[in-house]
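What follows is one structure encoded as structure tokens, with my remarks underneath.
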Amino acid sequence: MNAASDVGNHAQRQARWHYGEVAFWLIVLACGFLFPTRYLIMTDILRLALFAMSLDLILGYAGIVSLGHAAFFGVGAYAAGLLALHGIINEPVLALLAAGLAAMVLGFATSFLVIRGVDLTRLMVTLGIALLLEALAERFSNITGGTDGLQGIEMQPIFGQIPFDMFGKAGFFYSLAVLFLLFLLARRVVHSPFGLSLRAIKNNPLRAAAIGIPVNRRLIAIYTLAAFYAGIAGALFTQTTAIASLDVFAFERSADLMLVLVIGGTGYLYGGLIGAVVFRMLQELFSTITPQYWQFWIGLVLVVIVLVGRQRLHRWVLYVPNLIIKQVAGRKAVVAVPESDV
Amino acid sequence: MTAILTNLFDGVAYGMLLFVLACGLAVTLGLMNFVNLAHGAFAMAGGYVCMVLVNRMGWPFFAALPLAFVSAAAIGIALERTLYRHLYTRSHLDQVLFTIGLTFMSVAAVDYIQGSSRVFINLPAALQGQFDVFGIGIGRYRLMIIVICGLLTIGLQMVLAKTRFGSRLRAAVDDPRAASGLGINVPQVFAFTFAFSCGLAGLGGALSAEILGLDPYFPLKFMIYFLIVVTVGGSSSITGPFLASLLLGIGDVAGKYYVPKMGPFVIYTMMIVILIWRPNGLFGRALSPSR
């Protein structure tokens, strides 16, 4: 067996659906039926999961550090809000796509800035772009509603059939469907040769370039795709909550997103989903203990995670599940330990 | 004409202040290659210490300033010895996450202890008001800032370029292994540098309460300004950040005065344009590649 087919085999084995994954999605779907009183927070988690998956695409797979991912979230949110408010595109799914595309255009335009320079410059440029957009949204308050945000958004029924209800049931299943579809797409992308080349770039851009991977073009492509995902997440936010305010661009949003991904782990797509659940739970817990100062505990979690080491933490968390899987199935764990970080 | 000069003066004072706040960051980030987003938290600590000393305990303002420096430096060295030093060799991402965590904690902690509203430091009468020189309005407080910060800048440059400690620091940064082989105590040099840069931030925080406003969100609000100074200025010398601070200060004051609606917009655009044009900063050498 030559090296090429070896790599192909390995990649194919990685790409196969595991039982664990199927179980994961079934559990998520089951949650929709088991907790009918908690639709709002569950929708919130799904949105955050999609947003985190978007960051995972660039951070976990391409190694681009971003402190301003909220920029795309915000553009998606405002685009969806404006489309609905002015009745330009009434159908939510189409509006969702349009909002995603708007963010995608911005992502493509800014990707040229981001691929330049080292980590530090990237941090700065991404942060700068998010702040710039926030300043712009504030400046053009006649369009965006300024600090009050867009108000009076009324969402039309999905496909003209399913109306959004006040309990958020439709919103939840709508978000879940969007998340699942986009997850499938992301899964396909990261297991494709394109996705493999991204990992090569992440591990060593110089070597990747030496074996003939067009580094910059790949980075632009994945950054644009991630912007699309973030835009969709933002649009979902507006569509399911019917508001869009300036805080969609806030730095805290980007920072929280980092935390979500750090909790869940990067580079295996489920990190964002698991992280989103854990993060919201933590947030709920902290705000019941100290309503005003939950940020302190969030910060503490970040500090502890970094000090303990993300790798070690994930090994600990997966220790018990892996033990069970080993006992039951008599083979190595299916839940992959996330790849090494940037 | 005089309005322009007055603006220029205010801009210079603002820039000088930014320099004192951010030059510590230029050192940790540029020389030690550590991304410390919590830098503003040390500035805030200094500012609040000064506020408590002056307003609650009746200390004279000029006696409280050195204490703001010392307390921020003490907090800095305590954190450096316990936490930061484990992260010197970690990836930039880890450093970013860690320091964002610290920033969040400091914001919430100060909010808890001192409340979330903006605080003011009672200034001595000699520093209030302004006087005219050839029709140019010169604020006393801003003049004092220019004097203090100017002296500090010269002092810093001298320390880095002329003293034994300065050359040890530069050696420790260029090649830690070779430096420790030559008998330089690298961790000690780093710890001392870190403490000093935190102290400078603390002093800057105390001075800035009057101009920038001091509240628990200070570290988040001005983080971008510090980062702009360092990235635009490059971090291979003190002169780069100094010129960048002046540019930023003058640009921001002029922007807010002439195009008030575009306020922060001017700054961010400036930063992005400069970073595209010169990714390593206006006055910088190439940064060492990321680890």
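Every residue gets a Cβ built from N, Cα and C, even glycine.
Copied over from TrEMBL, here are the features:
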TRANSMEM  B:12-32  transmembrane segment
TRANSMEM  B:61-84  transmembrane segment
TRANSMEM  B:96-114  transmembrane segment
TRANSMEM  B:141-161  transmembrane segment
TRANSMEM  B:182-203  transmembrane segment
TRANSMEM  B:223-250  transmembrane segment
TRANSMEM  B:262-279  transmembrane segment
Subject >> Stretch with greatest number of CB pairs under 8 Å, the transmembrane segment (B:141-161) reference, B:12-32, B:61-84, B:182-203 candidates >> reply: B:12-32
Original post:
Given pairs 6 or more apart, does the transmembrane segment (B:12-32) have at least three Cβ pairs under 8 Å with the transmembrane segment (B:96-114)?
Top reply: no
**OP:** Report, as numbers and ranges, which residues of the same chain sit near the transmembrane segment (B:61-84): CB under 8 Å and 6 or more residues beyond its ends.
**Re:** 34, 36, 42-43, 45-47, 49-50, 53-54, 98, 102, 121-124, 127, 190-191, 194-203, 205-207
Original post:
Are there residues at least 6 beyond the ends of the transmembrane segment (B:223-250) whose Cβ is under 8 Å from a Cβ of it, and what are they?
Top reply: 7-8, 11-19, 21-23, 25-27, 29-31, 37, 39-40, 103, 153, 156-157, 160, 267-268, 270-271, 274-275, 280-285, 287
Original post:
Are there residues at least 6 beyond the ends of the transmembrane segment (B:182-203) whose Cβ is under 8 Å from a Cβ of it, and what are they?
Top reply: 20-21, 23-25, 27-28, 31-32, 39-40, 42-43, 45-47, 49, 65, 68-77, 80-81, 84-85, 88, 152, 165, 168-169, 171-172, 176
**OP:** Would you mind listing the long-range same-chain contacts of the transmembrane segment (B:96-114), meaning Cβ under 8 Å and 6+ residues beyond its ends?
**Re:** 35-38, 40-41, 44-45, 48, 79, 83, 87, 216-217, 219-220, 223
